[in-house]
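Features reported for this protein in Swiss-Prot:
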REGION    1-34  region 'Disordered'
COMPBIAS  22-34  compositional bias 'Acidic residues'
BINDING   GLY76, ASN77, ASN78, GLY79, SER80, GLY81, LYS82, SER83  ATP binding site
COILED    226-451  coiled coil
CROSSLNK  LYS268  SUMO2 cross-link
REGION    452-659  region 'Flexible hinge'
COILED    660-914  coiled coil
MOD_RES   SER669  phosphoserine
CROSSLNK  LYS773  SUMO2 cross-link
REGION    806-828  region 'Disordered'
COMPBIAS  809-828  compositional bias 'Basic and acidic residues'
REGION    1072-1091  region 'Disordered'
Amino acid sequence: MAKRKEENFSSPKNAKRPRQEELEDFDKDGDEDECKGTTLTAAEVGIIESIHLKNFMCHSMLGPFKFGSNVNFVVGNNGSGKSAVLTALIVGLGGRAVATNRGSSLKGFVKDGQNSADISITLRNRGDDAFKASVYGNSILIQQHISIDGSRSYKLKSATGSVVSTRKEELIAILDHFNIQVDNPVSVLTQEMSKQFLQSKNEGDKYKFFMKATQLEQMKEDYSYIMETKERTKEQIHQGEERLTELKRQCVEKEERFQSIAGLSTMKTNLESLKHEMAWAVVNEIEKQLNAIRDNIKIGEDRAARLDRKMEEQQVRLNEAEQKYKDIQDKLEKISEETNARAPECMALKADVVAKKRAYNEAEVLYNRSLNEYKALKKDDEQLCKRIEELKKSTDQSLEPERLERQKKISWLKERVKAFQNQENSVNQEIEQFQQAIEKDKEEHGKIKREELDVKHALSYNQRQLKELKDSKTDRLKRFGPNVPALLEAIDDAYRQGHFTYKPVGPLGACIHLRDPELALAIESCLKGLLQAYCCHNHADERVLQALMKRFYLPGTSRPPIIVSEFRNEIYDVRHRAAYHPDFPTVLTALEIDNAVVANSLIDMRGIETVLLIKNNSVARAVMQSQKPPKNCREAFTADGDQVFAGRYYSSENTRPKFLSRDVDSEISDLENEVENKTAQILNLQQHLSALEKDIKHNEELLKRCQLHYKELKMKIRKNISEIRELENIEEHQSVDIATLEDEAQENKSKMKMVEEHMEQQKENMEHLKSLKIEAENKYDAIKFKINQLSELADPLKDELNLADSEVDNQKRGKRHYEEKQKEHLDTLNKKKRELDMKEKELEEKMSQARQICPERIEVEKSASILDKEINRLRQKIQAEHASHGDREEIMRQYQEARETYLDLDSKVRTLKKFIKLLGEIMEHRFKTYQQFRRCLTLRCKLYFDNLLSQRAYCGKMNFDHKNETLSISVQPGEGNKAAFNDMRALSGGERSFSTVCFILSLWSIAESPFRCLDEFDVYMDMVNRRIAMDLILKMADSQRFRQFILLTPQSMSSLPSSKLIRILRMSDPERGQTTLPFRPVTQEEDDDQR
């Protein structure tokens, strides 16, 4: 909507159409005095005289018809065209389609089947306030043509029918002049807009309704527009001031040019002097360049020397690393050789132990046999002696019955000996079985004991890992060692105290992040000890860091490695030497590294740009061991940590990542399961050991029983054999001489002596074999213990060997790094030296040229570029002076024009500044007036609303909150204080419609539009409320004859009082096929006659 004229925002005293309202009892406060005016008797401008519609909405032709100057009732049933008249009024006077609540686009108002619609509205244009009375005459005809595509065009015609304008701006000017507001709901209030307003719960919407109805909102927008204009003016002032600076500079230049006409010869002299200075200034600059190049060469040579020293130091460190690797390897080889050397001895000693045990057992058996034989001979001796005594005493021979009895007993004894011998063989077999079982159990016991020791070592390692992982949950740095957080804190303190040139970076594993967590083990297997390493800028920083590490790492324990390399802020460009494969990343690309020092150190020490990461083992073999491995790729690592070369494959000893895993909880859970499994495994092994020990003890007991039983059987056999012999001896010829028996006894004694001597020898041999057996067992246990010790020593040495191998690789890469840097530096240095030679030749040429221009060397303070600019500027001045020499009038004119332009703009800027200041004062005054005017309208609206409600004995409240922009309305339909105030939505349909009419009439009383339109104002009222509302409207219309009222209703209006000011426009129901609606005006008298 176009901006209103400034007069629209004046106070009520300066309103365009002053009038006086009949306030009756309202004039109780002093504020109403500001709102009084004069009364007009008839409307002269802005009211609607006639409307004519064609193909509009669902009507082919509607009208033409004329409205009265005061009260007009448009009556008719639904579908008769009442709403079409109101909609056409809004659209025809430039309103938007959405404001009608009948459609969202203008093309929706064109009747179906037609290409366009036409609206013609005639406005009254009489009296002193007429709009361009000489052009339009007493009326203005507004014709609007709406096309099917939604576009519209205007024709503004005079009273004679001639077209005055087709521009919408002219229509807006007319509406502004007549103060017609088609989008103001007080001027034109449709039934839908009224319903939306009454049902709104937002008090802010009601406040906006009030502001829009009273044009206060337009005034507020105009104030905002003025303030925006003020800010734009300030910006113009700022731009003008900048332009003033430029104009002043141009004016000064023109003045200098004007004054320089007389100094032409001086300028030529100055030009020659500047040329002399320029010649030697060029020499000075070349000399400075030469000095800078010499300085750079000297710095470069110093750096080359430093690089040589670093290469030597790197070579020393490489030699030390290789020596350390060789020493560890030698130790491992020595341990391996010693272990291998002791293996045959161990086997031999084991076999010797078995042989010694067997020999001892055999000797023990022989001894026992000799002992039994001795005992048998001793018994035989006793029996012979007894027999001799019996023979000596016997005087008579045995009888035959005795002999038969002896024969029978001999047979029984022989059968018994045979049974005992069978038992002896069976028990001997059991003894051998028990001895084998005991030997087997002892071997198994030793094997399980060693396995238990290995599992305990693994359990201890896992428990340490589990503790470190749990500590790392609260502090990730503890993954790299329990002392790392304290070491880093010490590094920070030392750096703050200035002990480091640059703060060391590390551990490197804490400075990198994985893009793919599945590659954690692969990257750890690749970087190994580098994950715990630290980077230092120089060897001085390294020495400080070594001193700090001594505080946290005990002597003899391994410390994190330290990499010494000059810190750089940019990562090396390794694109020319990096490995590439379309499907697999390198270690460098698989890592997120924010610190360039970390990336460069890993590139130098491990060559991570040349190492591929291939998750699948078989795919890694296929890629690396093919005929054409990837370019620049030295090796690859799999997700299991295996290392793959072109011709070799090494499996990883580790099964899980230690430093780079992100899922710490999962690792803790896995380790806890492993600890639990190993604890259970140790328990099972211990139970197995206990079971074996029980079996060994049980078998040894059974063996002892068998051996005891075996001895008992031997004794029984010997006893029975002795009895048999004794009985058989009795059977011999009884005539045997006693001397013979005595000879036999003597012979038996000799045998006993021999057996006893042999037994003593066997006993000594058995004791000797027993000592040999114990000695062999001790030797076997000692060498077994030594072999186990060697195995335990080899495990940490293997870890140290891996670290040493990584260190050797790192030092080799460091050496290559310094060699490459030295080569690049020497190339740059040689280039500088060639540049020096060229500059020296150039200096000789420039000095020769300078002597030709100025033989004697002069001191020059300005640079050649400044002198060159001054020479060019002076030449231009001289050329300009030559071109304008003698035309002093032209130079004078240019100077005067520049000066006048500057002064004119300066005057305008000063004027605008005064205007801004004055505008601020005016706006402050007008805003106060605006607030006073708003207060006046608010009070009048409250008074009118309360007075109108009192016609029905209602009470009402209107609470305005201008700060929060809210308006709350409450109505009490009862008498006095008997009923509570209610929101309008809580009222009945008739009460709400009546209250709505009162509110609208209150706004009508303070609004300035020349006409008011109200659609179906009484549709929800009962007869009593309709009568009262009608009386209120007619009373207001009678008091405001200078305004036009158009009221749309479906009621017949037969009860209206007789008045020439009232015109009823009755619309008939359209008949089937009818294209033109009869629309005729009826006066009150005609309506009464028809009834």
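Heads up, the Cβ atoms here are built off N, Cα and C, so glycines get one too.
The structure, with features from Swiss-Prot marked on it.
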{"residue": "GLY76", "record": "ATP binding site", "DSSP class": "coil"}
{"residue": "GLY81", "record": "ATP binding site", "DSSP class": "coil"}
{"residue": "LYS268", "record": "SUMO2 cross-link", "DSSP class": "helix"}
{"residue": "SER669", "record": "phosphoserine", "DSSP class": "helix"}
{"residue": "LYS773", "record": "SUMO2 cross-link", "DSSP class": "helix"}
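Excluding GLY76, ASN77, ASN78, GLY79, SER80, GLY81, LYS82, SER83 themselves, the residues of that chain whose CB lies within 8 A of the CB mean position for the ATP site are, in sequence, ALA84, PRO1050, MET1067, ASP1069.
Among the binding-site residues GLY76, GLY79, the residue whose Cβ has the fewest other Cβ atoms within 10 Å is GLY79. In the structure shown, across all protein chains, LYS773 is the one of the recorded sites LYS268, LYS773 with the greatest number of other Cβ atoms within 10 Å. In this structure the C-alpha atoms belonging to GLY81 (ATP binding site) and LYS268 (SUMO2 cross-link) are separated by 95 Å. Here the Cβ of LYS82 (ATP binding site) has 20 other Cβ atoms within 10 Å, regardless of which shown protein chain they belong to. Cβ-based neighbour count (10 Å, all protein chains) for ASN77 (ATP binding site) stands at 11. Contacts of ASN78 (ATP binding site) defined by a Cβ separation under 8 A and a same-chain sequence distance of 6+ are given as PRO1050, in order along the sequence.
Across the region 'Disordered' (806-828), the DSSP tally of helix, strand and coil residues reads 23 helix, 0 strand, 0 coil. Rounded to a whole number, the distance between the Cα atoms of the residue listed as 'phosphoserine' and GLY79 (ATP binding site) is 82 Å.
Using Cα positions, the member of the recorded positions LYS268, SER669, LYS773 nearest to ASN77 (ATP binding site) is identified as SER669. Averaged over the region 'Flexible hinge' (452-659), the predicted model has a pLDDT of 85. When the recorded positions LYS268, SER669, LYS773 are ranked by how far their Cα is from the Cα of GLY76 (ATP binding site), SER669 comes first. Comparing Cβ neighbour counts within 10 Å across the recorded positions SER80, GLY81, SER83, SER669, the minimum falls on SER669.
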